[in-house]
Amino acid sequence: MKIVADENLAFTDYFFSEFGDIQHKAGRTLTHTDVQDAEALLVRSVTAVNESLIQNTALKYVGSATIGTDHLDIQALEKHGITWANAAGCNAQAVAEYVITALLHLDASLLEQQEKFTLGIVGLGNVGKRLVYMAQLLGWKVIGFDPYVQLDSIENVSFQALLQQANAVSIHVPLTKKGEHATYHLFDEKAFAALQPNTILINSARGPVVKEAALIEDIQRTQRKVVLDVFEHEPVISEELLNMLALATPHIAGYSLEGKARGTQMIYEAFCQKFGYEINKRFETQLPACEDYFSGHDLKAVLKQKLSQIYDIAQDDANIRACVKEGKVEQKAFDLLRKNYPLRREWAAHGGPQA
């Protein structure tokens, strides 16, 4: 069996080598010719799996080691009888930890504020639920908005109420362009007008959920602290926007070693179910041990003293800013940052909590 895999996927050889010949390719530039005689295709969100890519191929299975599916033309896949799978929730823990890290980097005093600090979470799916848990461990008040999900552990509010009440807003929705609750440009001029000027905004979901032109106008007006891991016109990012952001990172919020490995395992399991193979491999056997920071220690004390050692978000911010050339970060530089990213470990690997 020929298997084509994005070169940036983790542990593909470990999980898939026994099934056939694996060809590693750059996901963003994958062509019909690359996959024409492949039976399985393993991708990330940078690959648009659409009619032009999959028509007249030998493909029987497409696995995307990602939370989202907006890069998959599911209608086309089903038309051609191609089984597909994604990895919903694979890196949810890493994204939740990213948000906590970003907030504490911007204001370490949040560790002491307890319920004086209100975190508003837009989207209460896999990531949102884990972020609720982690934020409540720190004593923060959490409010949430999701038209499809209500959580008993928090105050569920309207979108407008969340914008008006939260001290920080973190976005965790898929990108959708149709329907009553479409998320494309959910954060537009009207939404920014409702936000309090000193409310922190974090987007680690999908870039086009935030209308970039409206965001730039808002920051110019309010000097708001904004953290972006995703960008509307990604992978090209303007220097103008970068210079306005409190923190910027190259779409790596979910890039923990555990998250990447978990994503590959999930599409491996779906692959085995499709082709009738026994599921007998676990990613945990491939992970190295790392230093225990948390066991026997107070959570807040550890975060106060060791946060930058667990995850140095300032370095990621510096790295993307160093890639600016002629007024922007270009695709090649952006993709290299992601390809060469030194995968961090989740808190649990250091003996810490996990939602």
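Placement of Cβ uses the backbone N, Cα and C atoms for every residue, glycine included.
In this structure, Ser45 (substrate binding site) belongs to neither helix nor strand by DSSP; it is coil. Within the same chain, the residues at least 6 positions away from Ser45 (substrate binding site) whose Cβ sits under 8 Å from its Cβ are Ser64, Thr66, Gly68, Asp70, His71, listed in sequence order. Summarising the annotation, Swiss-Prot assigns substrate binding site to Ser45, Thr66, Tyr255.
Summarising the annotation, Swiss-Prot assigns NAD(+) binding site to Asp146, Asp229, Gly254 and lists sequence analysis as the type of evidence. Just so you know, the Cβ of Asp229 (NAD(+) binding site) picks up 26 other Cβ atoms within 10 Å once every protein chain is counted. Classification of Asp229 (NAD(+) binding site) by DSSP places it in coil, neither helical nor stranded.
Annotation note: Arg206 (active site) sits in a coil segment as assigned by DSSP. Sequence-distant contacts of Arg206 (active site), defined as residues of its own chain at least six apart whose C-beta falls under 8 angstroms from its C-beta, comprise Gly68, Asp70, Val173, Pro174, Leu175, Thr183, Val230. Annotated active site per Swiss-Prot: Arg206 (among others), in sequence order, evidence recorded as sequence analysis.
The DSSP secondary structure for Glu234 (active site) is coil. For Glu234 (among others), the entry in Swiss-Prot reads active site, with the evidence type sequence analysis.
Marked as active site, proton donor by Swiss-Prot on the basis of sequence analysis: His251. Under a cutoff of 8 A between CB atoms, and with a sequence separation of 6+ in the same chain, the neighbours of His251 (active site, proton donor) are Asp229, Val230, Phe231, Glu234, Phe334, Arg338.
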In the chain carrying Tyr255 (substrate binding site), residues 6 or more apart in sequence that have Cβ under 8 angstroms from it: Asn91, Ala94, Arg338, Tyr341, Leu343, Arg344
Cβ neighbours within the same chain of Gly254 (NAD(+) binding site) - under 8 Å, at least six residues apart: Ile67, Cys90, Asn91, Ala92, Ala94, Val95, Tyr98, Ser204
Distance in Å spanning the most remote Cα pair of Ser45, Thr66, Tyr255, given for substrate: 13
Thr66 (substrate binding site): tally of other CB atoms within 10 A of its CB: 23
